[in-house]
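J.: Quick one: structure below, then a few questions.
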Amino acid sequence: MDCRLHLVLFFSCVCLICLSGQQETGFVYNGFHQEDLFIDGIAMILPGGLLQLTNASQLKIGHAFFKQPFGFDPSSSLSFYTHFVCALVPPKFGAEVGHGMAFVVSPSMNFSHAFPTQYLGVFNSSTNVTSSSHLLAIELDTVETVDFHDLEKAHVGIDVNNPISIESALPSYFSDALGKNISINLVSGEPVQVWIDYDGSLLNVTLAPIEIQKPNRPLISRDINLSEIFQDKMYIGFSGSNGRLTSNQYILGWSFSKSKEFMQSLDLSKLPQAPIPRNEQAPVPREEKKKLHPLLIGLVILLVIPVLMVLGGVYWYRRKKYAEVKESWEKEYGPHRYSYKSLYKATNGFVKDALVGKGGFGKVYKGTLPGGRHIAVKRLSHDAEQGMKQFVAEVVTMGNIQHRNLVPLLGYCRRKGELLLVSEYMSNGSLDQYLFYNQNPSPSWLQRISILKDIASALNYLHSGANPAVLHRDIKASNVMLDSEYNGRLGDFGMAKFQDPQGNLSATAAVGTIGYMAPELIRTGTSKETDVYAFGIFLLEVTCGRRPFEPELPVQKKYLVKWVCECWKQASLLETRDPKLGREFLSEEVEMVLKLGLLCTNDVPESRPDMGQVMQYLSQKQPLPDFSADSPGIGGFMPVSVEPSSTIGIPDSSMHVTHSILEGYGR
């Protein structure tokens, strides 16, 4: 009896070892079951075993991974082989689709950091591009992303640690019979076979329609050392994502093995079928032809022709009235693009009564959208198309930057020779109205210090919180808006600049306002330090209640920075405060703000604080550093003697747009 029991235990152990070894080596699925995979996002397994990564939902992600990791020994030659069948089905017949899917090898199944759209549910805008990401993705991308150097429209690519492909090709397969490549439509909804083979040094990607055997020649072949990328344990699976354009993405079957010898074949006859695209063109029923009297036909024609002419004239007039400029590359920005018709109606036809300000190259109008939302619409003239694509992309990106002390930029509209920028309307206008115009009540010191803290917080977010960092480049009182509760909101993204982590800049405009420009600006270009300089001028502007340059004043008072510095030397710093403050202020706080303004306007950029430090000083969580009016760089710069509202241009590759989107409400 004991001998029989030992035999049973022995064979049971052998079977378990064999099963474990088979799972470690590979698997094959001719259809899927819920217990086989780890699934998240909108991915799901449909009845019949069809794995659906995405549906027609916008901006969504779906993942499906084999639950157990596979062991890879980076110290020795590693290999793997996979074969799967997928289908990317448009939501309806002939529709454009987005955004694509990828086969993924990753050290983790946690992709909570990943973005949809062009990031395919695997990467995000700040994905580390070093080898520490340990990610391999073979993408079937259906949308061209210019920033990623994508090929046109649908393409296949190899991604290592970031979404920019190291190798890519248009989808096709090699026909031995014809001796040439035959194109494949990835987004037709028809099943496509994909083979990915890695033999230790060469990564091959091969495609073919469902009815074609594996071609002898791969679509992509790339020498790569994956032992530098893979860790000891790696997960394998699929990721799919949608943008504003969507598609239903399916996996019908999947085979994987670390060894070519043990690779199991898919049984294509057993695979579930993917749904076909909907054809919403209903058939027109045939009706029996009826004979009409010739006189009746003639009468109908005489009546119909004038009506058609009138309708045609009305249609032509309305089309010309609401005509816009639209190009194919703008489709992805759809939610950020407003129709001219909607803006025309919101502003009652851009009537004079809706005009709330002028500045730069355009006028600002107040409008109300159908839902009751109040907007500000700035109409800018533009003739050249050069740089327009980059400018619109940056406007849309800046529209995604959210902070309680930034004026929300909602979107844009393009017409021939005209660009319209749409932002949220600020009911209390711009701060300069209250500082420099006697018809408006002057803000108290408590209101002023609160506004200064608001704008410091906004600028600190642009410099340190936004990704990539943004340089504002035109901080001044006329670009600070006040909402319904008199909170400070920083506007004027018309001149903002992005700064990438390497310090490279891409400009939406290349101008600045005299009196607010740091002395090094023309020599070295814009930087966070030049923004801090302008903020220092803004501190003095708000505290003293005057502009940085007043040509009608005596010489000793003409330049704000120099005047404040001289008064500090004469122990009369508080005399520079705005007389309209009266006695309702804290002397120590006013002196601190004035000194901080001088510190921010130091001639030496490296001696200026960053905006994080400025916030600490304003909230008095940290004392000002020890310096005096005689310290090097304090109060020494003399700006050019021109009108303070003048702007100058600095050479730049991008189109030029000046002044605030919201500048000058109520003037």
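Using N, Cα and C of the backbone, Cβ positions are placed for all residues, glycine too.
Sharing the feature lines straight out of Swiss-Prot:
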SIGNAL    1-21  signal peptide
TOPO_DOM  22-294  topological domain 'Extracellular'
REGION    24-257  region 'Legume-lectin like'
CARBOHYD  Asn55  N-linked glycosylation site
CARBOHYD  Asn110  N-linked glycosylation site
CARBOHYD  Asn124  N-linked glycosylation site
CARBOHYD  Asn128  N-linked glycosylation site
CARBOHYD  Asn181  N-linked glycosylation site
CARBOHYD  Asn204  N-linked glycosylation site
CARBOHYD  Asn225  N-linked glycosylation site
TRANSMEM  295-315  transmembrane segment
BINDING   Val356, Gly357, Lys358, Gly359, Gly360, Phe361, Gly362, Lys363, Val364, Lys378  ATP binding site
ACT_SITE  Asp474  active site, proton acceptor
J.: Between the Cα atoms of Val364 (ATP binding site) and Asn204 (N-linked glycosylation site), find the distance and write it as a whole number of Å.
T.: 57
J.: For Val364 (ATP binding site), which DSSP three-state class applies?
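T.: It is in a strand.
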J.: CA-CA, which of the recorded positions Val356, Lys358, Asp474 lies nearest Asn181 (N-linked glycosylation site)?
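T.: Of the recorded positions Val356, Lys358, Asp474, Asp474 has its Cα closest to that of Asn181 (N-linked glycosylation site).
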J.: Cα-Cα separation of Asn204 (N-linked glycosylation site) and Asp474 (active site, proton acceptor), in Å?
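T.: Asn204 (N-linked glycosylation site) to Asp474 (active site, proton acceptor), Cα-Cα distance: 52 Å.
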J.: Rounded to the nearest angstrom, how far is the Cα of Asn124 (N-linked glycosylation site) from the Cα of Asn225 (N-linked glycosylation site)?
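T.: Given the Cα positions, Asn225 (N-linked glycosylation site) is 24 Å from Asn124 (N-linked glycosylation site).
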J.: Among Asn55, Asn110, Asn124, Asp474, these being the recorded positions, pick the one whose CA is nearest to that of Val356 (ATP binding site).
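T.: Considering only the listed recorded positions, the nearest one is Asp474.
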J.: At 10 angstroms around each C-beta, which of the glycosylation sites Asn55, Asn124, Asn181, Asn204, Asn225 has the fewest other C-beta atoms nearby?
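T.: Looking at the glycosylation sites Asn55, Asn124, Asn181, Asn204, Asn225, the Cβ with the fewest others within 10 Å is that of Asn225.
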J.: C-alpha of Lys358 (ATP binding site) to C-alpha of Asn110 (N-linked glycosylation site): distance in Å?
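T.: Cα of Lys358 (ATP binding site) to Cα of Asn110 (N-linked glycosylation site) measures 50 Å after rounding.
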J.: Looking at the recorded positions Asn55, Asn110, Asn124, Asp474, which has the shortest Cα distance to Gly362 (ATP binding site)?
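T.: Comparing Cα positions, the closest of these recorded positions turns out to be Asp474.
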J.: How many Å lie between the Cα of the residue listed as 'active site, proton acceptor' and the Cα of Asn124 (N-linked glycosylation site)?
T.: 30
J.: Validating a neighbour-count step here. Other CB atoms within 10 A of the CB of Lys358 (ATP binding site): how many?
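T.: Step by step: centre on the Cβ of Lys358 (ATP binding site), count other Cβ atoms within 10 Å, giving 14.
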J.: Are there any residues in the same chain, six or more apart in sequence, whose C-beta is under 8 angstroms from the C-beta of Asn110 (N-linked glycosylation site), and if so which?
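T.: Asn110 (N-linked glycosylation site) has no long-range Cβ partners.
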